[in-house]
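Annotation comment: TrEMBL describes B:6-30, B:42-62, B:96-113, B:125-142, B:175-195, B:207-229, B:249-266, B:273-292, B:352-374, B:448-470, B:491-516, B:618-638 (among others) as transmembrane segment. Per TrEMBL, domain 'Cytochrome c assembly protein' is recorded for B:89-295. Summarising the annotation, TrEMBL assigns domain 'Cytochrome c-type biogenesis protein CcmF C-terminal' to B:315-640.
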């Protein structure tokens, strides 16, 4: 919901707004290390009923359920990857705000690398081509023309 | 009556925009001065008409004329006057009208200030502007008319979305649109150049001030939006990588690249083809942003498909302008002669690197924003691309970019001396490193990442100062001479230094608040105390307050630092009665460059109140830096060399010796 508020504010893509609230005091784990992990994981998981918003930022009921679920799994001794897999197995890949590396997402992940490398290559090639062209010695006719001018 | 006049003015403006699109263009083709001169009065009169239409709508809002559908949907008689006025553009129809008004504003400016342009170039520029204005005026009149009447008129309006009842609405959209739409001039110049088949250093010199102005406005608009979201959303995030933000960020990235490549073109007449392409791409991204935000496609592909009238219309505009421009570019672009040569290590080389990284960043944001739509449209699967993706891809692109920034102005044109530049930046680097190290220990070694980020921030700021010092000879010449030289430096040198230093300030702010933020989430009862950072908060009481069109519950906290009271902080939950819509009003207190941010949640059964408190170190710097960047843009604009415009063209181009023979 808070994302919808944001849409409102940014560029006025008007949407419905609601009060902001996220992690509730009663959800917080007593072990600060585990809680920190839970927060980090929550920031990577999407609140499915919201617009592009993580469960860590959302006050939606579903987000709260997911937050509690994440904490439950962490307390049960799951690794971060285990928790992610568990949530994805239940809710699908839509829940991940950072899509996985996969064939389907290849274009997404490759974009920065391909554009940077391709652009860099283009720059190098065009610099080379142009300096080669400019560095070429004068042709016979040009040489003659030059002499002609210098004589004048 | 004035509403009908406004509507009529808009129709007239459309007719005039079509004239502006056709007649000067025909004049340029036929070589008719008379026809070409039509552009100027058409643009100026068109501006007056659109302003008239806009004023009519504002008047309807101020008078709470609920016989106008748009006013009824988005206003309320009890709303404070400021929000009645700003509410004009707090909705789809009104904001599109603002968009077109700003487009006409730039068209009018180009007409008036473009007197020293070659007549054909000016005619073509105004024609392109006219064409864009016709498309969007047609869009407003056919799909988003703000002047539709309602019969019978309701007695009371439905009120403006409470989130938008904020001073931010007065500042953010106008600034953002001034930036967004300002790039239409660079676009028009690019198209005009392609039609003419020639671009030269003079072209770059004409385009630069417009690009610079649009860029400065866009910088301010984005920063203002970020600050608004920060205080309005109740938890103090400042950037969310939301598609609507990305929509404004993409033109900014491309525009920043354009700003830099235009310098190379003006000074060295190189990168011509690229600069023209970039001018086209920048405004294309602005159009794309308008499409994304205005069509509803972001909410879901299906929502778009269910009511596609507006979306399809903007999509058609998008395809026409982007497709048309790129086609023209494909046919004419190659004919533009390449310019001066340069070595990779040179000022040009540095600016090319800047362009490469910024373009990659823009492409990454573009693909990241559109990918979920693409996948959903192609396969029906839903995926999410959010903040974690963008942070992961963006940081590796921006780290080398920011590291390279101070080197740029140190390198000379054509062939630079990297080692020499590094030597001249030695002091800046050492001080920046010492600053980072100091920050590391001051924060009790909280975060090595923060310390490194701080080094980068200091590096940018000190690099900018070093540039000024070297150019004025501080430390080399006598101080009075150096001071005189410093004052005598061209304003654009100061502009560059300010913009780069502003970037450094923003980096410091982002690093500070990201790595060193402190957070407390707890339930408090009145008279309880909690500590955060060096401060403690004493929860005094909750009191009910009635505002002009809302009621609120204010939670009052007293702040103590070292046992001394340092003032109050008030955080509230507000209920706007007209829509029955609740909002949170965060309590924010600034200490130096940092802020204490308090947001209240629900009451608990046992009389407590859920309270969220953040200590946000250096957070102010994020927006202060943007303000400094904006100032840099403004200072650069004041540079005489840009204001005077290009020197008169030589009557005949010098003929190369070889050809003469």
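Using the three backbone atoms N, Cα and C, a Cβ is placed for every residue, glycine included.
What you are looking at is a predicted structure, and each value in this text was computed from that prediction instead of being measured.
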Intrachain residues whose Cβ lies under 8 Å of the transmembrane segment (B:207-229), provided they are six or more past its termini: 106, 110, 166, 168, 171-183, 185-186, 189-190, 237-240, 245, 248-249, 251-252, 255-256, 258-259, 262-263, 266, 279, 622-623, 626-627, 629-630, 632-634, 636-637, 642-643
Proximity of the transmembrane segment (B:249-266) to the transmembrane segment (B:42-62), 3+ C-beta pairs under 8 angstroms: no
Stretch-level contact, the transmembrane segment (B:125-142) and the transmembrane segment (B:6-30), CB cutoff 8 A, at least 3 pairs: yes
Outside the transmembrane segment (B:352-374), six or more residues from its ends: residues with CB under 8 Å to it: 241, 243, 246-247, 249-250, 253-254, 256-257, 260-261, 264, 271, 274, 278, 285, 288, 292, 297-298, 301, 382-385, 389-390, 393-394, 397-398, 400-401, 404-405, 408
The domain 'Cytochrome c-type biogenesis protein CcmF C-terminal' (B:315-640) [mean pLDDT, rounded to integer]: 92
Chain residues in Cβ proximity to the transmembrane segment (B:6-30) (below 8 Å; excluding those fewer than six residues from its ends, i.e. six or more beyond): 36-39, 42-43, 45-46, 49-50, 52-57, 60, 97, 104, 107, 119-120, 122-124, 126-131, 133-134, 137-138, 140-141, 145, 147, 195
Contacting positions for the transmembrane segment (B:96-113) when only residues 6+ beyond its ends and CB under 8 Å are counted: 10, 13, 20, 39-40, 43-44, 46-47, 50-51, 53-54, 57, 88-89, 122, 125-126, 129-130, 132-133, 136-137, 139-140, 144, 146, 173-174, 177-178, 180-182, 184-185, 188, 210, 290, 294
Contacting positions for the transmembrane segment (B:618-638) when only residues 6+ beyond its ends and CB under 8 Å are counted: 209, 212-213, 215-217, 219-220, 222-224, 226-227, 230, 236, 238, 491-492, 494-513, 516, 590, 593-595
